[in-house]
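The transmembrane segment feature in TrEMBL is assigned to 18-35, 55-73, 85-107, 113-136, 148-173, 185-208, 220-239, 245-264, 276-296, 302-331, 357-374, 380-400.
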Amino acid sequence: MTRLALDQAPVVSLPRRFLFAIPAWGFLAGLLLLIDGDVLLRSRWHPGTLALVHTYTLGVLGNAMFGSLMQFLPAAAGVRLRFSWLGPWMLVGLNAGALLLVAGFYFSSPVLLTLAALLLPLTFLSLAGMTLPGVIQSAGQRLLRAGIGASLAFGMTTALLGGVLALACGGQLSLTMPPWVDVHASLGVLGWVVLLLASVGRIVMPMFQGTGVPPLRWHAAWMIGLLTCLPAAAGWRALGPDDAALPVTLSILALPFALAICWLQRRTPAARRGPLWWSWRAGAVVLALAAMAPLLTTRHVMLAGVLALGLALPWLVVGMMLEIVAFLGWIELHRTVGRGVQLPGVQRLMPARERGAAVLAQMVAGALLALAALHPTPLLARLAGLLVAAAWLGVGLVFVRARRRVRQFIVGRTKAET
């Protein structure tokens with residue numbers, strides 16, 4: 001099992017700021033549903049729907065990917081981050097750019113869309129500049145580094161293409177939208193998010209969930225398939241007349257990832273099946289359903305999108321983020337208090353009952369959101385929005401309570417020493 005190099009981890013505040021931004025974006029997603037209702041669940045081209053989608057992809061998933069990479073690469077992969085001073089600027093760039101894009105879509109503002117089209121690609125390029133040199137130059141763990149490096153390349157491509165599409169939406173460019181939007185979405189969801197989760201999950205699932213390790217050959221074969229088939233299907237969608245190959249490719253590649261999580265989790269002892277295990281199990285099951293939906297009928301494309309972006313991927317992320325926030329608090333105590341002092345464990349900083357309540361709230365809200373996507377009515381959609389907002393507010397509260405416990409311990413030790 002990979003050992004954590006805590007002395008190599010960055011300043012705690014750097015990844016934590018990204019993670020603490022996640023609940024605010026989830027709350028905003030619920031608020032949009034509460035305001036606009038079922039309109040956002042009927043057409044993928046509605047301005048409000050585009051705003052909602054990017055609330056999840058950039059606000060929730062984007063902050064999670066940025067923050068976890070900055071913590072994981074030095075501590076678990078032995079990758080040295082370059083230009084660490086860019087970290088706070090990337091936090092501003094990602095969240096300001098996402099807010100500009102969401103507002104630009106929602107209010108149909110060419111000015112806001114143009115600003116977002118400039119800021120977001122620059123932010124992703126900054127992330128690549130900070131991480132890619134170390135990923136390429138580090139020794140060992142070739143499969144892990146290849147997966148992370150490829151996901152970063154997909155992330156940059158997604159951001160650059162997204163900038164072009166935002167300019168087109170703002171009237172600055174002329175572009176045939178449907179095929180390029182499909183390419184943008186597929187590269188972002190599968191190439192950037194899922195590939196990164198699969199690469200990191202190979203390390204963190206055995207570490208935090210007590211699962212088995214996926215066989216090296218299987219993981220390598222899946223990744224090679226993704227790196228060859230996804231660009232080919234995306235290129236065919238962009239340049240060819242066929243619009244069926246890309247969704248089928250997405251389904252065929254996403255389904256093994258989801259099923260592999262369930263297969264690996266079967267070895268986890270019952271005593272270790274906590275909130276993280278259940279969030280990944282539920283996320284994997286829903287992701288498998290989302291992957292199968294386009295294979296059955298094209299009528300369920302919207303449902304597949306809601307299942308993947310509104311339920312499965314956020315559930316995979318939120319379970320891990322709860323663990324990381326608590327772990328960051330422990331690292332802060334380890335660095336601040338010093339040696340010779342017994343520190344509270346991660347479970348005391350963020351008790352399992354709080355993490356479990358946050359995960360359960362996400363699942364209840366997600367179930368209603370899926371029902372609203374399947375049978376869109378104003379009442380169901382707004383009720384789902386209310387529960388989504390409340391669930392993410394709960395996640396934020398759990399984050400804050402863990403942070404408060406860390407501060408209280410530090411203050412208590414300071415008073416005891418004086």
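Keep in mind that glycine also has a Cβ here, set from the backbone N, Cα and C atoms.
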Best-contacting stretch, by C-beta pairs under 8 Å, relative to the transmembrane segment (357-374) and drawn from 85-107, 148-173, 302-331: 302-331
Can you see whether the transmembrane segment (245-264) and the transmembrane segment (380-400) are touching - at least 3 CB pairs under 8 angstroms, only pairs 6 or more apart in sequence? no
Decide whether the stretches the transmembrane segment (55-73) and the transmembrane segment (276-296) have at least 3 CB pairs under 8 angstroms, with pairs required to be 6 or more apart in sequence. no
What stretch of 148-173, 220-239, 276-296 shows the most Cβ pairs under 8 Å to the transmembrane segment (113-136)? 148-173
Other than its close neighbours in sequence, what residues sit by the transmembrane segment (220-239), given a CB gap under 8 Å and a spacing of at least six beyond its ends? 143, 146-147, 150, 179-180, 182-183, 186-187, 190-191, 195, 198-199, 245-246, 248-250, 252-253, 256-257, 260
Same-chain residues near the transmembrane segment (380-400), Cβ under 8 Å, at least 6 residues beyond its ends: 19-20, 22-27, 29-41, 310, 318, 321-322, 325, 350, 354-355, 357-358, 361-362, 364-366, 368-369, 371-372
Taking the transmembrane segment (85-107) as the reference, which of 18-35, 185-208, 276-296 gives the largest number of Cβ pairs under 8 angstroms? 18-35
Excluding the flanking five residues on each side, which residues at least 6 beyond the ends of the transmembrane segment (148-173) place their CB within less than 8 Å of a CB in that stretch? 65, 69, 73, 77, 101, 104-105, 109-111, 113-114, 116-118, 120-121, 123-125, 127-128, 131-132, 135-136, 180-181, 183-184, 187-188, 191-193, 195-196, 199-200, 223, 227
Contact set of the transmembrane segment (18-35) with the rest of its chain, CB cutoff 8 A exclusive, min separation 6+ beyond the ends, reads 48, 51-52, 55-56, 58-60, 63-64, 66-68, 70, 91, 94-95, 98, 102, 106, 310, 314, 317-318, 321, 324-325, 328, 365, 369, 372, 381-382, 384-393, 395-396, 399
